[in-house]
Every structure is written in structure tokens, then in C-alpha cells.
Amino acid sequence: MSDLLKLSGVHTHIGRYHILQGIDLTVPEGQVTMLLGRNGAGKTTTLRTIIGLWQASKGEITLAGQRIESLATPDIARLGVGYVPESMAVFSDLTVKENLVLAARDAPLDDKQLDWIFGFFPALRRFWLSRAGSLSGGQKQMLSIARAIVEPRKLLLIDEPTKGLAPAIVMALIECLKEIKRKGATILMVEQNFFAARELGDNVLVMDNGTIVHRGEMAALAADVPLQERLLGLSLEAHQ
Amino acid sequence: MTDLAATDPLPKPKRDLAPILLPLALALLMIPLIGSTSSWLTLTVASLAMGMMIFIMASGLTLVFGLMDVLNFGHGAFIAVGAYVATLVLAPFAASIQADSLWMNLAVLGPAALLSMAVSGALGLVVERVLILPVYGQHLKQILMTTGGLIVAEQTLYALWGPQIIPMPLPASLRGSFIIGDVAIAKYRVLAMLIGLSVFIAIQLVLNRTKLGLLIRAGVENREMVEALGYRIRRLFLGVFMTGSALAGLGGVMWALYREQVHASMSDDLTVLIFIVVIIGGLGSIGGCFIGAILVAMVANYGGFLVPKLALVSNILLMVAILMWRPRGLYAVTSR
Amino acid sequence: MMILSGDPPRSRVLTLVLVVIILALAATPFLFPGAKALNVAAKICIFAALVASYDLLLGYTGSVSFAHTMFYGIGSYAIAIALYGMGPNWAAVATGIVAGLPLAALLALAIGLFSLRVAAIFFAMITLAVASAFQVLASQLSWLTGGEDGRSFQLPELLRPGTVLISKNLFGFEINGRILTFYLVFAISALMILALLRVVNSPFGRVLQAIRENRFRAEALGFRTVFHLTYANCLAALVAASAGILNALWLRYAGPDTSLSFSIMLDILLMVVIGGMGTIYGAIIGATIFILAQNYLQSLMGVASKAADEAGLPLLPGLLHPDRWLLWLGLLFIASVYFFPTGVVGRLRHGGGKKTAGPGH
């Protein structure tokens, strides 16, 4: 299996702060890789550096064999990277339809793709012509994910999709993401919710202080409770 | 598959109407205060005409800020440049302007306005590349650079045209008023209203009906996400900046004709007025800018009629009142 | 070092330049004869203090205010109206001070509190709008302010040029009321600059810089940024009004052109940028360079313009005309923001080979 995305020795500075301090990671094609770690470990910064919203100050980022670390965000997106930010960032002044029209960058909206999306996000059909700002939190998250998959993308970067959602909605969202995964998507996903991570992830990366401190298979981590406690117990503590 | 929305309340699209009702309420409130219906009507038309001109000048500034977080303190320069450039066409064709034929007048006025827009728009290109691009993302320097740009533009106009006020008479067919009963409505004000309304409708159509417009609206709200979707927002911004500059030039021509004179210092007074409009409307909001411009013009006209002394500070009072009510302006569209 | 609040110029060249400027200013009545030199020296003193107070806002809090001349004007007009109305006596001077300073502080407080309630980005625009309204107000209330003509007035006996305090001694110098006024201006300006130096190096000044760097973080650290910014605004306004008082006393006049016009605001901006933002010392350097250039270069422009005119060159006579002084100023301004953002002081501190830490470290 080939690696779709590869980061080696990536450093990112934000102002005076040295956030990423040498990240090495790979995201295998067709699999879901979970990025875990406590708050402030640099997970969101990693995703933002990949999509080019922060500029890496050192290191290499390779997408499908092409170096992308010095490209501008729009050019990276055009190579087939979909991004679902932590804040969801739906355009609240635009309707659901208009949000998706913009997301379909290369062609008019494709009905088949839409039907597939409506299949697991029926609310989007129901509120097709409503302002995105009037949607509930869960619906905004669906719209944000739908935007990333309305056209086929090579790689999806998803930042904490379950954050702040009610448990029932989290369950449903996990089912949707599994459906997207079944379609063969490659996903790098930040998650704090270990349950969601275990359900979805093939591989797992754990970050701390701007570096990767553990990499392996999700199943192995899920089975090894002491390891979980060592790697993630910290994060639970930090959460209080 | 669970329907995620099953338990969610049905969201209803809600439009925020209070700001729209504000100028209407203000106009109605003035009827008993002013007393005479004909004066009220004249003042209201004057307010609308003035408001439209201010809107044309301010619309570009609000979009430029909303889209790219750029504070352009030199926007007023485009207004003055537009007005001066128009004199280049209007002066040699003074005879056609004074001829009492609407078509002959418009045949000169139209090209003059187009030339003004072209020059202001081209100047916008230069200003964006030279003054704004190097200090992109740094508010403090943007303010300083564009303030410097305003001074240079004004002084260059003085150097080229001299410091004196240049008269800019209204074309013959636009002088005078339509008399309906005992109400006199200046012809030029009607034209100004028509142009302003057309610009407003055109902007709204572009913003709401085209993909380009969707991109602009989306960019105003969240620039990063538009880029993450794969759109190069810098080019979009340059286009908006140039369009805004061209509109400011058009506004400058209209304002100069309204005042029947051109002077480089017109940009100073109008800059303050435009800032107030943009702040009242909410940075980045075209609708807010439209309502804000009408409110500012109403306060100036009604206020000037009722309490002339107050007219000096009426705009500030209006701004304070609106911001007390809504600290981010009538419509807060940016996520910042 | 006590007097400099532990914030010395930190560059040998800068120290030398400052010492030369201060000594030259102090000795102007004896070194450079004539009214023009004394006027220039007094103006440098007044503007150094005015610009230093603006630096407190621009350099240390990062907020651009266009209302600084308004406070300067309030000081000028307060003293002018008092002396004009009450006659040339010390009670009038006291009245002007007692009325002007609190008015400036209150207005700054009002603008500060109001601006802080709304989006921070509005601050520059709001101050511009308020300042322009104030300007119109001052020219319209002519029964009070004298309108466009302004107010001329007489100084108390002691400060008049005709009052000879020490008659010509063996060195050939006469100490009169005018020279006493100059030293009054010099001393008070110097005191205000030293006070500002103290303020920016106090814990309060450090908080201001923290707010400038990252307002949210400063708030998260528990600083009440609203309080700090408003307080800085009021302090800056007080110093500006005091500088305005000195200006009116020196000119024996207050009018829209000398104390309120927008071009003074531009002058201040230019001086602070040329001198170096966030350094206080930059104010002295900026004011000196700018005012010397204004007084001596502007006449050179006239010569150049005439020469170009006689040579029959197109456009150049218009561009070089002394009235187009602002054009070159604007270009200089853009160039300094772009190429020279740390100003003279920043250049001398960091460009001189020996690397020194910037403020706040």
C-alpha cells in the first residue's frame, strides 16, 4: 500500500511560537489515519500546515509524489485535498445549496454525488435553500463535510468533527464517515473522542508538544489499555 | 441510517428587518416635525439622492474591507481623481453640455463618467499593488500607507490642476426641477437616485446570482475557507478593489456635478462621511452600506432643516446611536 | 539612569545625536541669534513632547488615532480663550490649564470607552470622524474660538519680550520674557518626555506592549485591557493638551491652522514614523528632523521651483512649488513606512553592528 501523504521533519512557527517541532508522518492511501493528542499538542496546526494555511518553516510535505509545502492554499486544494476545519466554517450568509455550489469547484453540482450525500445527510436536502447560518451545530458539521466530498477528493483533512455535538449525533456522524471511508476515501482526522477514533481509525498517530510520540495500528492501541493510559491519560487529565 | 435532523427544530430563514425599517421610520417621524408635506418630500428626495451618491462611493470600501481586512484610508482619493478626470471631457465639450438637449448632454456626460471610472479603476490597480500588497495583513501599516497615498494623490491633483476650485456646471437639461403640485424635485437628484439604485441592484445581482458573487460573499465571511476550497482569493480581491475604486470615481463625478464644483479637498470631507457609512452599515455589508448611506443623508438633510447648528455633529451622534444599538454596525457579516 | 527610567538610548550614535539636539535646543537663545531660530527650537520642543505622547498610543498600544491634534487643539484653545477673555494675567493661565486638561482627558475617556465597546478595527475611523467634527465645531463657534481667525492674546507681563530680566551683560546677551518663555517650553516639554519614558517602562507600559502583541492573550493573562487602553488614551491626551498649551503660549495665538488642522496630524504621524515607533526617543529625533526640514528645506523648494520654471521645464515647477511640500512629505511617509519601519532610532539601535534587544525583552 502506498502512502498518499508524507510529512518529514516539518516545523511550523506561528509568530514567535514554535508549534510543530519536526513532524514525521505518513497517511496510507485508502485508509483512515487518526491524529490524537492533548489540547495544544499541535494537531490542528498539522492539518493547517498541510493545507497551507500556515507555512511550514522547515521540512517536506509530499502529496502523491508531489512536494506541496511551498504551494499556496488554493493550489494545494486543487491537487485534491478537502478540508473540514474545526470551526466547520460554513458560509453562514449563503444557503446550503450555495455552499455546495462553491465547493463544487470544477463542475456544476453532480446529481448522483448529491444523492449519495443526501443518503446519509438527509437534513441537507430538507434545508437546501435555507441559510447555512440557521442550521444546527450537527447540520453545519454535515454541510462542512459534504463540502469536502461534493467532488471526489484524494485526501480529506477533518478536524474534530464530533466536537461539541450531542452523543446521538456523534453516533450518526460516525456512521456517515464510515460510509465515506467505504467509498475508498483517504482521511487524516484529528479527534479527541477516543470512542469515535476507535470506531473509524485504521492507523493512529499521537502527538505531544509538537512531535509525534506514537504511531501504529488503531486496533493495537485499542487493545492495549495501559498504552492508552500512558499516551492519552495525559490528555484526559489536561481536559479537566 | 439515522436522520440526524429528526430531533432538531425546523430552522426558519429569518431576515433581519429592523435596519431596513430604520430609514422608513425616520422619514415618517419627520412628517409632523417638518410640518409642510412639500418641504418634507423635497428633503426626502434630497436625502435619497445624496444617500445614493454616498452609497456608490462607499460600496467599494466596505467590500474591500470585508473581503481582505484591508483598511483603505485613501479611498477618498479615487473620488477626487474621478471628479478631476471628468473635467477633462466636460471642459472641451462645454457647448454640448450647455445645449438644451438631454441626449447631447448625456452623450458627453456618459463618456466622461466612463473615463473617470476607468482612470480610478486603473489607479486602484496601482494602489493595490504598490501600497497595499507590501503591507498586507498589517493594519497599522495599511492605515499609514494609504493615508500617505491619499496625501500624495491630493497633492498631485493640486500640482496638475492648480489649487483653485474648478466649476463643473450641471448640463442644461438636468438643471431645474420637476414641479408636481407644490412640490419641486430637482431633476439631477432624480438621475442620481436612478444611477444609485441601478448600481445597488447590479451589485446585489452579482453578489446573489453569480458564482463570483457567492465567492465574494463567502470570502467576506471566511477568507481562509474560500482558499481551502481551492479559489485564489487575491485575484478576486484585486478585481473587487478595482471595481470599488471605479465606483468611487463615478461617485466623485456625480458629487462634483451635485455641488457643481471640483476640488481636491472634497476627498477629505467625503472620506469621513464614507467611513461613518461603512461603520454604521457593518464592515463588508452592501445592504448595511446602502441603509447607512441613506441614514447619513437623511440626518444631514432633515437635521440641517430642523436644527442647522446640530448638523455639524449629527453624523457623529448617528454613529454613536447606531453603534450603541449594534456594536458591529447594522449588519455584521464578517466573522472577525 | 534613574531619570531615563532605566531605558537609555542603547546606541552610542543615538546617545550622541540626542545629546547634541538637547544641548543645541538648550543653548539656542545664545548660539543662534534671531527670532526664527528660537521659533524653530520652541516648535521642536513642543512637537517632541506631542509626538512622544502619540508614540505612547501608536508605538506602545498599536492603535492609530486621528484625534491627537484635537487634544492638542483643546489645550491651545483653552489657554487662548482664557487669556483672551480674562486678560493677560496668571489667573487666566491657571483657568486655561484647569479647564483644558480635564476636558481633554474626559473626551479621551469618552472616545476610549465608546471605541472599546465597538470593534477594535473602528478605532482609527471613529477618531477621524470625531476629530473632523471637532474641527468644524471649532470653526463654527466663532463667538468662542474666533472662527477661522483664531484668537490672539497677550501674555502675562513676566513672559513678554519687552520684559528685561537681566540686561545685556558682558557676554552681550539679554535675558527677557521671551527667552524665559522659551525655557518654560523647553523644561515642561523635557519633563513630559521623561514622564512618558517612565510610563512606558513601568509595569503599565509592559502591559500595553503585551496588549499590542496579542490582545486576546493579554486578556487571557488577566489584564483588563479596556482599563489599560483607556488609561493610555487619557494620558496621551493630557500630554497632547499640555503641548497645545505650550504652543499657544509660545505663539500667543490659537487658530485652526496652528493647532487643529489635519495636516498637523499628518506631521505627527510622519515624525513618529521617521523617528521610530515605540521608542519615545524617536519623538525627539523625528520632531527635530521634520521641523528643521520644514523650516529650511521648504524655502529651498521655492528656489528649485523657480529655477525649473526659468529653465522652461514642464510639470516640475508645479511639483517643486513650496505649497506642494505635502506631496514630498507623503512620498517620504510611504517610503519610510515601507523601507524604514523602525525609524531612525530602530536603525541606530539595530543597524550599528552591536545587536541589542528591542523594547519589551
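Even glycines carry a Cβ here, placed using N, Cα and C.
Now, the feature entries from TrEMBL:
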- C:12-32: transmembrane segment (TRANSMEM)
- C:38-57: transmembrane segment (TRANSMEM)
- C:64-84: transmembrane segment (TRANSMEM)
- C:90-111: transmembrane segment (TRANSMEM)
- C:118-138: transmembrane segment (TRANSMEM)
- C:180-200: transmembrane segment (TRANSMEM)
- C:221-248: transmembrane segment (TRANSMEM)
- C:268-293: transmembrane segment (TRANSMEM)
- C:325-345: transmembrane segment (TRANSMEM)
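Within the same chain, the transmembrane segment (C:90-111) packs against the transmembrane segment (C:221-248): three or more Cβ pairs sit under 8 Å, each pair at least 6 residues apart. Comparing C:38-57, C:64-84, C:118-138, C:268-293 for CB pairs under 8 angstroms to the transmembrane segment (C:180-200), the maximum falls on C:38-57. Only residues 6 or more beyond the boundaries of the transmembrane segment (C:64-84), in the same chain, are considered here, and those with a CB under 8 A from a CB of the stretch are 50, 53-54, 57-58, 92-93, 95-97, 99-101, 103-104, 107-108, 111, 123-124, 127-128, 130-131, 134-135, 138, 144-146, 150-155, 233, 236-238, 240-249, 253-254, 258-262, 264-265, 268.
Stretch with the largest number of CB pairs closer than 8 A to the transmembrane segment (C:221-248), among C:12-32, C:38-57, C:268-293: C:38-57. Pairs of Cβ atoms less than 8 Å apart link the transmembrane segment (C:38-57) most often to C:268-293, out of C:12-32, C:118-138, C:268-293.
Taking Cβ pairs closer than 8 Å, the transmembrane segment (C:118-138) reaches residues 63-67, 69-70, 73, 77, 111, 145, 215, 256, 260-262, 265 in its own chain, all 6 or more past its ends.
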